[in-house]
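Features as listed in Swiss-Prot:
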type: COMPBIAS; residues: 854-873; note: compositional bias 'Acidic residues'
type: DOMAIN; residues: 459-563; note: domain 'PH 1'
type: DOMAIN; residues: 1641-1704; note: domain 'HP'
type: REPEAT; residues: 82-122; note: repeat 'WD 1'
type: REPEAT; residues: 133-173; note: repeat 'WD 2'
type: REPEAT; residues: 180-221; note: repeat 'WD 3'
type: REPEAT; residues: 225-271; note: repeat 'WD 4'
type: REPEAT; residues: 1025-1119; note: repeat 'Gelsolin-like 1'
type: REPEAT; residues: 1138-1241; note: repeat 'Gelsolin-like 2'
type: REPEAT; residues: 1293-1390; note: repeat 'Gelsolin-like 3'
type: REPEAT; residues: 1404-1494; note: repeat 'Gelsolin-like 4'
type: REPEAT; residues: 1520-1615; note: repeat 'Gelsolin-like 5'
């Protein structure tokens, strides 16, 4: 068997190869900049600011602009003024966005702090720190990326000064002066992500220098680089396993070049990689992105080049160009500013030649909505790791920046979602990264590969067959074992199918991996194939591989997993490299840099002698860290930082969002001259030997000495599983059946499922110790319910592995369902089955039980008895012929589990006696009526079984044979059966084998002449290049299939469809039935409309009548005189059946292999259901004369290629007709011919004469609620649970309002923010702080009279606005008169709604507003019709005239309304008109004269109406509104709050309850049942109400639509008649009718025949049941039969009789 490894694609895989650039919109440009273009540096930025040298003051000023202030910069921008000569260099601090350092030609260096409150104050002239004046001009200023107060400056004396800024002002001193440069220093770079202790510089003397500034002032390495006279610039690329230096310069021919150097191997004068970039003359600067290993090159010119860096290559991805607008400078913004929601990986500022600054974003296209953590690792938080004094004191201290996650709140990471759902495995990601970095390394384990990383095998292996040394009595032997690495453990199994390991060990408990030294290998080749795994406790596992390559792969893989799983503790060097760390793998002498770095470590780390190693093994775990040096960090006082926003170093230790900083000296790295953990190549300088436990081996020779294959000894961990609670999917108590010799026992254990493993413990308290046993669920075969296993109460189920059966018992049915659901997701076959819903990880069972499994069990399994389950595996008691001379028969229990047949002694057995894999069975033969035999592929007997004797009612033997045969067919791998080479599928298909492009299949090749003979191309058919003939055949079962394109296919009994693209012919035989013709015509018409968009012409032809269509006969290759077949007849066709077979091609994600299995088999008499097709698979549908390849949307490319191979093999079968073609279809792009192959495909033709399958999914009729139940709903008051979080505008709420106009959002005038117009729609953005972050709510407000277009526009513009915002955002739809409380709170006591549109608004026109509401938040003014009839004594009204504003207080209006009315009137009083307050009854003539234009003083709902009522009105009762409807099939009563006039629906009955009155507004289209029920409910409610209702104090009135009484309308906000039908105007108000008068008509049950013929019908009569109102005597006279005889007549016939008698 070939060992399984991580596959490497032929095409170079890259996460960023499709990165593209995008310039921001013009409105986000920064313009009107006055830049001193003569300055050496032109542009720098922080997260909040950007700076540029200003031309003001002769270049001695530095202009600062906020990144949030887009647009035109003021003519006099904010500047830093403090130098007398032009500024030559400047740099922002890494720890404070508002701190910047400047250097000038006046030889001064100053540190400034820009005020955070804004840049509108006076210019900044007082620096924070002024350093001592230099002797020569300052050329550069730099901050350390991790160390606080460490500052550097370079001058024209060609030195680099390092300052400690802890002591402020002139006391700041140079603590180190780096010398050795011979010309101007052009750039400086720190190894930010690999320790922060090395410094590289580039100089105009064409040399690069490396410094260890804490050890010496002179360079530890100097190397010549680019030959160009202009010099070069550099940066470090030292994240994600890289440790490189990138330099960008030019050669003598002015060709710009990119070099990659290994800082550990600089003794070679040649770079690792050299790439030509461009011939432009400008100097390019490199910018490194630590998250994606990309390097951007840019400067003065016309673009930005970007490369992806690998260990041995730099891949050019692209160039960002900007047309004719050239740039003067660029700067990379901090990583934390990018928008991860749109996959923006980097953002630059670009200073153009037109003195404007543009933002340029680089984006990586990803479709998923998940957080793409693989390209967005934690970024620097902006806080220091340590300070200057501590860093200089400890020369072994390595520091990296503090990091914080970039994941937005509420978004899942791509690593938190399964691969089946579009997620990624972090483990695989890291291993693939390690694989890329290892390719090309020296040594036998490297695996090779070309320079581009486009080929070669991966050096990593995850599972495979090896041999292990097994101790024997006389000698040891090597036996086959199956080794596998899973997560953080290595497991050794007896074979590949075993579910329980022989031994296992955490990878961190492996001390090292040894191989035998090749130089000492004198005993033969066998030693070169072996490696030893030595554990920390001294235990050793000796393994042997089949090849050296496999041995090397295992050694490197184990070490890679060890490095990747190192805990992030006090020894972490970098959060990016904390999971793995690469050391030097090249067998050359160490560079001076390495010697300097490790000169002290060489004394602390030495290779232990054999005696020392033996002592260490004897000590075991007593002193596991004996070789680990202790931290020697001195204790010093932390000085206060003047630069950092967070000066407290100790506070950072408890900062949960940051990576923990610590000195690396706590666990120092041994010298890099040791062997790499990822390479087993022997170096020339080190050969380590160890002694091992002496054992007797099968070879007489002595093994050569072992060579250590690692560089560090890991810290031992607890040998327990160390399961994290967050990784646990399910856990709980289960009872396991333990068989015994005499009786069985039931043992309770604590089971845990985590990361594909099932662990068992004695109890929960021992969960952190070693488990009793570990079962790999991916090796398990089946998990299903059982019965009659346990004798105690519970719900049993069974987990089956290849060599064991585990019987378990849960306490509840729901608990068992949850366990089965989890177990089945991890089974052996789950990798290719339909994915289940992902369970939420939880620590308790209650949280897991979300949807119990369907089960019809109704008892609690007392005595182990359950009811019959819906799906029971094939199992039972059989007799098996035992092997032996006498061939005896023995009883056994046989169960078919998945694709395996388990034979056990009895049902309670836990170990099967025999396991038969059905994939190895070639024949199941029935020997006798109750005996059958299984044969293998060699026709050898596998097993004989005997069943009970068959009876007339039951044949058990046939049942077993049919069940086993079906399972055997499903187990066959079609790929192997057809002899398809799976490796060929992984390579690109040749063009001759490519399926042609068709419709939605644009990613395939264009069809060639050969393609059209083998494939059906839907596009070619549409264009007329291909033609097909379709037959519609059958009588009882009409079927559609494709036949040969020839006149010989025609039959006089059938219809045929000739699809010629632009023309579709329908030819009907002379004896074709009408049903057959109808289906053919319908099918052809569907092709025309659905597939051709109605552009094809439909031509109908009948045999013997329309024979002059020469085109039809020409296409078929014949003429109308050709004889037409008369056989087979429709009856004979019905006896025919065409076999249909569906194969499913799946990808087993667990084994990374393809599987093609039989999914369905039958004939066209019983078609499969569409649900068999799953989007994650590809299906090959074989219909004998047609072959379809159906491609699921979520299937992989290799699945699609394999399906094509399977289809081609099927097409090439000998018994296949030569005109069979293959059609490729994508999901949702199926053609009509394919849909006809399924029974229930949407859009299938309904014409069929066969009996349809009876489904059990018929909706059951609902039971009507009792009147008392509906009435009780009205007694429960409505409670508004909306929590208030908004802040009104007047109190500081941040609100922005837009109005929708011409499909765009237009800024609403700010002074009208609380005023809206009923014919407009709006978007209101509210911004607030949530958890110290900005959050947003977008309300899109739909005016009551706004158009549908405006309402739709507001919705999609809200989505656009949401996408442009940063932070949490919620979208809320707000409808007029039903506004939510938080929206109203924004405009508290200010909100006004005017009639009409804003553009037509005339503030001088007289208008009337109704002020209504329950409290200050709910109160608002709504404009009503300008008529005195709209006044309401219950509320306040505002009358606005050009001369004066009147506030009219209704006699019974609320105080809150009266107070708010004044505030509202002042709000829209734009003309400063006087305001007069009037009370009802004391109005002036001037007030009433304002209404003269609309009829003057009219009747309105006044105090007299209330006082004259016989029933007193309650003014404290809140009106309530209910809707009574039977839309759901039964009568329901629901409360609406808030309610409005728009809730009145003519198809329902609406109930308005104001306590003193209850109005029933009966819609004209409400059903009879609803009307009657609503009246009965109200009357019952009054009798049972505890809210103050009673028959004496509550009057129930019926209101008619469009004739509502004035009292009814007065309780609605701003009642209007604008939406009334024109035939109902002018209004006629009618008083309400007492409900008792109406209800008595509905309760009347008997009417005469003459009364039922009246038009209109009597009130209360149900027009659909007129026959039920006749008494028995009249009924017999009218219908001439009794009611009993009437009910026996079918319903459809009864309707016809009723129509004849006009009772309908």
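Cβ atoms here come from the backbone N, Cα and C positions, even for glycine.
Residues 36, 38-41, 44-49, 51, 53, 58-62, 64-66, 69, 128-131, 133-146, 148, 151, 153, 155, 165, 380, 382-384, 401, 641-646 of the same chain sit 6 or more residues outside the repeat 'WD 1' (82-122) yet have a Cβ under 8 Å from a Cβ within it. Look at the repeat 'Gelsolin-like 1' (1025-1119): DSSP puts its residues at 28 helix, 29 strand, 38 coil. Shown for the domain 'PH 1' (459-563): DSSP residue counts in helix, strand and coil, namely 24 helix, 47 strand, 34 coil. Long-range contacts of the repeat 'WD 3' (180-221) within the same chain, counting only residues at least 6 positions beyond its ends with a Cβ under 8 Å from a Cβ of the stretch, are 139-140, 142, 144-147, 152, 154, 156, 158-160, 162, 227-228, 230-236, 238-239, 243, 245, 247, 249, 261, 263, 266-267, 285, 290, 385, 391-392, 395, 397-401, 573-574, 576-577, 591-593, 595-597, 664.
Shown for the repeat 'WD 2' (133-173): DSSP residue counts in helix, strand and coil, namely 3 helix, 20 strand, 18 coil. Scored on C-beta pairs under 8 angstroms, the neighbour of the repeat 'Gelsolin-like 5' (1520-1615) with the top count among 225-271, 1025-1119, 1293-1390 is 1293-1390. Confidence over the repeat 'Gelsolin-like 4' (1404-1494), given as mean pLDDT on the 0 to 100 scale, stands at 90.
Note: the repeat 'Gelsolin-like 5' (1520-1615) comprises 24 helix, 27 strand, 45 coil (DSSP; helix = H, G, I, strand = E, B). For the repeat 'Gelsolin-like 4' (1404-1494), the number of residues in each DSSP class (helix H, G, I; strand E, B; coil) is 24 helix, 27 strand, 40 coil.
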